[in-house]
């Protein structure tokens, strides 16, 4: 892979001097934050878009493959949670430039992030080869596509003055290279004004073009990159759809051959005011059946386990971690109908959502010293409380605790999303360092018929319930 850019990862190349716009700033000798949850101004960052159905090839069972990539390359890697309705997941790869890795057949020295970028890319392409059943004897040329998100103040180094740099890249590599500013995927970020970089061609052609593009991005960091892992602000595109009519990822179209025995059941359990049950079910079961059909989740209204105030709504699905979750999808759509209206008047619209969570899982929502729950409160601006023992409604079992989310519908939905995605990652034994949670989803208003009543009985009498009932199966 001959290129005039080969020396740039030891010393900065002269190629960056061709870009003289006001965009991405040159590398500066500034102090870097060494916290791996923060991207420093001197670090190299790539955001590779991986098709949802290919993410299994870079995550592995329990995150094993992703952990191995991080270990082998000495880089950091975060894989965004799949956004409902989005066919790609953002893989954020970043590293300092203090240590260099040997790369390629000639052992060239490159920064760890570039090394990890190509490990990810090669795995995705290999997965594509397997999926398409390519056969060299057929004589057909394989075409691969690479898509990356790049902040608007950084993309100029790839385009160049008058488009000269990108045209040179096209001529040198014979790849189709485009910068797309409109119709971006919903995983793009608004704070950094993302643009989409797309490379199409034969595998070796794309690999060479990706190398040259990655080299340019290395030399021209974005001023926004410290925000790319931020969870303190709403960063996703406001115009994106919250839910799609059908899952974009399913067991049927998944590229990697997987054993269904490895799938796990994930469950969300709402405590629903008894008088809201009719709204959850809908006339003739129309609403609940629609959600079942559109999400693929199993939804059960456990009227056998109820008291005069509350009943249990159980939402579950058997799934693989790398897929979009039918249970998460359905839970977000049902939230308002399962919640209690607690606002004092029509101008003070607030809802209270209650979830039952196994005591064995509750720690992932609290964090060390309460760090996780504090972060979720800050991100979502909702009131999130964890109630235990005598403060839990008597409809709960002995091994369950209650998470209560209170806030306006938008804040409550963001909080529910954070809570159940953390529970899901914990259920799949995922390393929290590999998972980057979305900070928000666009709010879609839903009709609700909840009660203004705010009192419910505490758990002081379990005689009404069979504590050994199998209404839910928590993932251990």
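A Cβ is built for glycine as well, from the same backbone N, Cα and C atoms used for every other residue.
Here TrEMBL flags 42-119, 142-218, 264-339, 349-424 as domain 'K Homology'. Under the heading region 'Disordered', TrEMBL lists 1-36, 452-476.
Computed over the domain 'K Homology' (142-218), the whole-number mean pLDDT of the model equals 90. Taken residue by residue, the domain 'K Homology' (264-339) breaks down under DSSP into 34 helix, 29 strand, 13 coil.
Helix, strand and coil residue tallies for the domain 'K Homology' (349-424), in that order: 36 helix, 22 strand, 18 coil [DSSP].
Note: the domain 'K Homology' (142-218) comprises 33 helix, 22 strand, 22 coil (DSSP; helix = H, G, I, strand = E, B).
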